[in-house]
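The domain 'Recombination activating protein 2 PHD' feature in TrEMBL is assigned to 414-491. Sequence annotations record features per position, and here TrEMBL assigns Zn(2+) 1 binding site to C419, C423, H455, C458. Annotation comment: TrEMBL describes C446, H452, C478, H481 as Zn(2+) 2 binding site.
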Amino acid sequence: MSLQMVTVSNNIALIQPGFSLMNFDGQVFFFGQKGWPKRSCPTGVFHFDIKQNHLKLKPANFSKDSCYLPPLRYPATCTYKGSLESEKQQYIIHGGKTPNNELSDKIYVMSIACKNNKKVTFRCTEKDLVGDVPEGRYGHSIDVVYSRGKSMGVLFGGRSYMPSTQRTTEKWNSVADCLPHVFLVDFEFGCATSYILPELQDGLSFHVSIARNDTIYILGGHSLANNIRPANLYRLRVDLPLGSPAVNCTVLPGGISVSSAILTQTNNDEFVIVGGYQLENQKRMVCNIVSLEDNDIDIHEMETPDWTPDIKHSKIWFGSNMGNGTVFLGIPGDNKQAISEAFYFYMLKCSEDDMNEDHKIFTNSQTSTEDPGDSTPFEDSEEFCFSAEANSFDGDDEFDTYNEDDEEDESVTGYWITCCPTCDVDINTWVPFYSTELNKPAMIYCSHGDGHWVHAQCMNLAESTLIHLSEGSSKYYCNEHVEIARALHTPRRALSLQKPPMKSLHKKGPGKVLTPAKKSFLRRLFD
């Protein structure tokens, strides 16, 4: 095992407890920033690019047919293999906390829409559920089991807000353990079914789960009601015949007492448990090897890495699994220094990357320590709070300009410029104004001179007008140049009034006679 410190070059304030890492074909992506996404990365998903122990966050794109994915902290995530080639690897995301401290009950599926050189475009879809729909929660687990040629999602544990009938103004954000029910979720048809198993008596959160074929192992976790971390080890087996599924649970010996641990896979049948807590304010510095052979599971301690003094003396730590036997860890910065980062980060490599991709077992755990937020005092290390908020991007951040080498150059399009003296589109606070916008403010092209771009918001254009302009090929002008544009048009030639022929004056209508006085008057009028 090797431990190396990692420096972060940009947007370091986004990386706080509760984030998740997703590994797509060896590329790692960051999800779950604290705070709503900024204009420079509306998707809230970043490429986690580490080179020579130097981390750079690069915004990732979503396809146009993607749904909106809010930044969720402490969700349950797992990998899922679909039946199609395009669905070779997907990530399932359920639950989690939004920046408004609301709990999500939605299920999202993330997959790669296209991959071009270094640039990856994701597709995110939301799955609608019917039946016994799990309530919004966080700190739980979701896994996928495979049996008889079919697959099914298994959801367990977590914490949720107290029922509305029990919530008061003073304890509006108080949370409680979810009921110890096991939910089976059919991702194809969107059906959810709840199962009550007598072996599961307590609701557990921030536990570790390992899925293999039709079996899931659940170990550790924290019971908020009893404030304990029981050393239990459960084995869930799911049978998927043609009829109704069958779920059974077995209590096994040899469990460990730990919560908020990080699980990473080192080879086909071996995993490593890193981090976590054994008491409310005591980190668990011991690492464990989990071996799976046939239907047996073995857990034993292993040699720990050479922890740095900062890690040893820190009261909390958090992190996530990067895949391929590597764990990303974070600890709070030293507040005694005049200039200090909110957190320092390390990368722990537990093994070499020599696993066979075809035989990988997908692992899941609640990969970050419990939320240091304001939900419940002394909630499994939540007493250690930090004031650092990820509510702003560094103004000098080179990444916020979107001028990375592997990103398209926006300097020509002018999306991030001040388009006019009254332009109020702020690079750091811009949010979609029109429903037609995805991740850039809508603009029109002023044809005056060499041409320039102007934000549709600054032009006070209605969305219907914006759509109309985008459909045509005519030239358009901004508010400052619209008068000039009018002067460029040649005025239409006015038609001169033609005199009627004089012979018509002498033409008599039926029953009418022009008197000499009328003839004289008409001659004077037209002459």
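Residue numbers in this text run from 1 along the chain shown.
Quick reminder: no glycine exception, Cβ is built from N, Cα and C everywhere.
Feature annotations (TrEMBL) mapped to structure.
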{"residue": "C419", "record": "Zn(2+) 1 binding site", "Cβ neighbours (10 Å)": "24"}
{"residue": "C423", "record": "Zn(2+) 1 binding site", "Cβ neighbours (10 Å)": "13"}
{"residue": "C446", "record": "Zn(2+) 2 binding site", "Cβ neighbours (10 Å)": "23"}
{"residue": "H452", "record": "Zn(2+) 2 binding site", "Cβ neighbours (10 Å)": "17"}
{"residue": "H455", "record": "Zn(2+) 1 binding site", "Cβ neighbours (10 Å)": "24"}
{"residue": "C458", "record": "Zn(2+) 1 binding site", "Cβ neighbours (10 Å)": "20"}
{"residue": "C478", "record": "Zn(2+) 2 binding site", "Cβ neighbours (10 Å)": "20"}
{"residue": "H481", "record": "Zn(2+) 2 binding site", "Cβ neighbours (10 Å)": "17"}
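Here C458 (Zn(2+) 1 binding site) is compared against the binding-site residues C446, H452, C478, and the shortest C-alpha distance is to C478.
Take the mean position of the Cβ atoms of C419, C423, H455, C458, the recorded Zn(2+) 1 site; other residues of that chain with a Cβ within 8 Å of it are T418, C420, T422, D424, V425, P441, M443, V454, Q457, M459. Other residues of the same chain near the Zn(2+) 2 site, with their Cβ within 8 Å of the Cβ centroid of C446, H452, C478, H481, are Y445, S447, H448, G451, V454, Y477, E480.
Confidence across the domain 'Recombination activating protein 2 PHD' (414-491), taken as the mean pLDDT and rounded to a whole number, stands at 75. Taking CA atoms as the reference points, H481 (Zn(2+) 2 binding site) and H455 (Zn(2+) 1 binding site) are 14 Å apart.
Annotated pair H452 (Zn(2+) 2 binding site) and C419 (Zn(2+) 1 binding site), C-alpha to C-alpha distance, rounded: 8 Å. C478 (Zn(2+) 2 binding site) and C423 (Zn(2+) 1 binding site) have their C-alpha atoms 12 Å apart, to the nearest angstrom. On a Cα basis, C446 (Zn(2+) 2 binding site) lies 11 Å away from C419 (Zn(2+) 1 binding site). Cα of C446 (Zn(2+) 2 binding site) to Cα of H455 (Zn(2+) 1 binding site): a distance of 10 Å.
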